[in-house]
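Enquirer: Take a look at this one; I'll ask things after.
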Amino acid sequence: MTRQFVFSSESVGAGHPDKMADNISDAILDAILRTDPKARVACETLVKTGMVVLAGEITSHAVIDYTQVARDTILDIGYDDDGIGFDGRRCAVVLALTEQSPDISQGVDEGRGQDLEQGAGDQGLMFGFACNETDTLMPLPIQLAHHLTKRQAEVRKTGQLGWLRPDVKSQVSVRYEGLRPVALDTIVLSTQHDEAVSQATVREGVIEEIIKPVLPTHLDTTGIRFLVNPTGRFVVGGPAGDCGLTGRKIIVDSYGGTGRHGGGAFSGKDPSKVDRSAAYAARYVAKNIVASGLAEVCEVQLAYAIGVASPVSVMVNTFGTARIEEKRIECLVLELFDLRPKGIIKMLDLVRPIYRNTATYGHFGREEPEFTWEKTDRADDLLREAGPAAA
């Protein structure tokens with residue numbers, strides 16, 4: 001009997017305090033990479049009422065005004081007035097930045113350390129995931145959740161709903177039959193708003209201008225619930241309402257709870273950090289496996305040891321949907337993809353100032369050209385090398 005269940009995923013917009021922190025960290029990374037592609041960057045951000053703290057390790061010859069980068073990012077997000085909880089022009093910016101530890105750098109720099117190749121910047125495990133339930137080979141709940149937060153930002157910036165403020169969260173619950181999404185169950189959207197607007201106006205505006213334009217037409221919406229600002233009020237938002245930290249929305253950044261996560265955050269880290277680059281590579285591998293038709297669902301785990309170039313393990317799980325043995329797919333992955341840090345960086349062209357754009361609306365399932373890990377250019381190679389057994 002086919003199992004029926006409801007699965008939920010959430011997204012948060014750039015005005016959410018944790019996403020503000022991610023945006024600032026990645027904006028600083030981009031500013032450095034524009035001048036120094038060999039930089040080592042691990043930049044963490046904390047935001048709270050009237051204050052930004054930048055802390056971490058940065059080794060670079062780039063001369064960057066970190067304070068101004070933080071301010072510009074905050075203003076771009078929309079926090080430009082103390083009346084809405086934060087003003088990027090007036091907030092304090094505290095710097096606590098040092099250089100990367102030499103004990104770490106000797107294992108990362110090519111030609112140094114026990115493994116003379118460029119080694120992983122840390123130990124750890126990373127997961128990539130793909131499934132065939134959407135055109136982007138992403139799980140539907142997280143894709144719709146991102147569409148909602150992105151739509152809120154568009155409506156706010158155009159002035160279509162003039163009472164919207166930057167902080168926003170969405171959550172989408174989808175009903176499944178087996179592996180197939182069949183119906184929308186519940187949509188939650190909580191958006192910061194001006195104090196004077198009524199909740200009736202907020203509810204009507206959100207449903208008509210934000211939610212309905214992004215609902216897919218191929219799913220059953222009979223009995224769908226819309227929960228708009230379910231507390232009844234959302235005036236205090238952003239850092240005035242909650243402290244924000246880089247890396248605290250790693251499930252929003254990835255697959256919305258579908259598939260697993262190794263625990264390492266992405267934002268503020270240059271691509272020598274496998275927390276980021278290997279997670280992108282794992283998505284690239286998983287997506288190409290599904291795009292090739294070798295499996296309907298695929299999860300890839302990569303694991304690394306600090307200072308060692310090659311992954312210590314590579315695992316493919318297709319949840320019973322593969323057309324050939326999973327062990328054979330693992331062998332194909334090792335044959336066709338260079339999963340050493342240097343190989344990943346070259347394969348995906350990661351030494352570029354592309355990271356601020358990843359900090360909101362997810363790192364995966366995006367169609368912008370800089371998201372090279374979303375290409376399916378190795379699908380034909382996988383299918384060809386799989387041989388007649390995959391036909």
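Cβ coordinates come from backbone N, Cα and C, glycine included.
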Enquirer: Under Swiss-Prot, which of the candidate ranges 100-110, 111-121, 254-264 is annotated region 'Flexible loop'?
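Expert: Going through 100-110, 111-121, 254-264 one by one, Swiss-Prot flags 100-110 as region 'Flexible loop'.
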Enquirer: What does DSSP call ARG233 (ATP binding site) in the simple three-state scheme?
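Expert: Reduced to three states, the DSSP call for ARG233 (ATP binding site) is coil.
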Enquirer: Among the binding-site residues listed here (ASP18, GLU44, GLU57), identify the one with the smallest other-Cβ count within 10 Å.
Expert: GLU57
Enquirer: In terms of DSSP three-state secondary structure, what is the assignment for LYS269 (ATP binding site)?
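Expert: In three-state terms, LYS269 (ATP binding site) counts as strand.
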Enquirer: Any idea which of the binding-site residues ARG233, LYS269, LYS273 has the thinnest Cβ neighbourhood at 10 Å?
Expert: ARG233
Enquirer: May I ask for the distance between GLU44 (K(+) binding site) and LYS269 (ATP binding site), taken between their Cα atoms and rounded to an integer number of Å?
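Expert: A Cα-Cα distance of 9 Å.
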